[in-house]
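Quick look at what TrEMBL annotates:
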- D33, D59, V60, N86, Y152, K156, P182, G183, I184, A185, K186, T187: NAD(+) binding site (BINDING)
- Y152: active site, proton acceptor (ACT_SITE)
Amino acid sequence: MSKVAIVTGSAGGLGLGIAERLVRDGFKVVLHDINEENLNQTVTTLQNQGMDVFGVVGDVSNQADQESLVEKAVEKYGHLDVLINNAGIDAVTPILEITEQELNRVFQINVNGVVFGTQAAAKQFIKQGTKGKVINACSIAGHESFEMLGSYSASKHAVKSFTHSAAKELAQHQITVNAYCPGIAKTKMWDHIDAEMVRHSHGKLQPGEAFEQYSAGIALGRYQLPEDVGNLVSFLASSDSDYITGQAILTDGGLVYR
Ligand SMILES: NC(=O)C1=CN([C@@H]2O[C@H](COP(=O)(O)OP(=O)(O)OC[C@H]3O[C@@H](n4cnc5c(N)ncnc54)[C@H](O)[C@@H]3O)[C@@H](O)[C@H]2O)C=CC1
Ligand SMILES: CC(=O)C(C)=O
């Protein structure tokens with residue numbers, strides 16, 4: 001019987017790379033995103049390539065949406081084995097200018113989303129009476145805090161902390177909870193971070209320079225590809241990782257050392 005995985009925020013970027021890798025690993029994959037147009041396009045493209053995937057539109061920060069996502073996955077494929085809490089957003093703001101609205105939005109999506117997803121998947125695993133895996137998107141910013149990324153870094157530290165608590169509490173049900181911590185990948189997220197860093201630099205940075213400066217510190221000499229993240233998530237989703245729980249594992253080409 002094929003295993004079933006959900007990947008949130010997978011219309012593009014790292015989530016899409018993860019979804020494609022899991023399909024190649026033999027999973028049936030439920031793609032999920034808040035952006036309906038992008039999600040439909042991505043799902044159609046993958047289905048046209050013969051992949052067994054389907055899409056669910058939803059907002060990870062909405063608890064009812066997360067419950068409904070798991071219900072729809074089970075309705076379609078019969079059961080659930082793995083949830084990848086991948087969806088996330090960035091915010092680039094000097095500390096003195098962070099607003100209540102920004103902080104709430106970043107935490108609602110990056111942190112509440114992970115909590116609600118974990119709850120929905122864990123309830124399903126317990127109902128099934130099976131092992132299950134929850135895999136959360138953390139970041140190098142969950143291990144080291146970055147200038148101008150104050151609310152984002154705090155949210156990713158919270159993801160790491162929640163990963164530890166959930167791993168401890170859910171182990172009694174044979175549910176593992178781990179996180180992947182990417183470095184610098186050239187997705188829409190980094191396009192936005194670069195543009196925002198340029199905007200806040202008052203002429204000191206040109207477009208592309210913030211990305212170049214961050215990438216210049218990578219020991220292996222290149223920025224990250226979605227495939228690099230897919231490699232780690234593939235392992236965390238496989239039975240090879242059955243004895244690993246509560247870990248937030250860096251995949252960054254050598255940038256942050258913990
Ligand atoms: N790009 C990078 O260098 C790094 C990314 N990460 C993390 O990896 C994850 C994926 O990042 P990227 O692919 O780069 O981002 P991205 O911005 O390229 O893609 C994120 C996807 O999530 C979706 N999304 C946003 N809010 C959502 C919501 N409320 N509900 C459902 N879907 C939503 C977006 O529509 C988009 O398709 C994020 O959690 C991010 O924080 C971590 C470290 C580095
Ligand atoms: C997007 C992200 O997590 C960083 C720190 O680059």
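Every residue, even glycine, has its Cβ placed from backbone N, Cα and C.
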For the NAD(+) site as recorded (D33, D59, V60, N86, Y152, K156, P182, G183, I184, A185, K186, T187), determine the largest distance between any two Cα atoms, in Å, rounded to the nearest integer.
25
Counting every protein chain shown, other Cβ atoms within 10 Å of the Cβ of Y152 (NAD(+) binding site) number 26
Same-chain residues six or more away whose CB lies under 8 A from the CB of I184 (NAD(+) binding site)?
I140, W190, F211, Y214, S215, I218, Y223, Q224, D252, L255
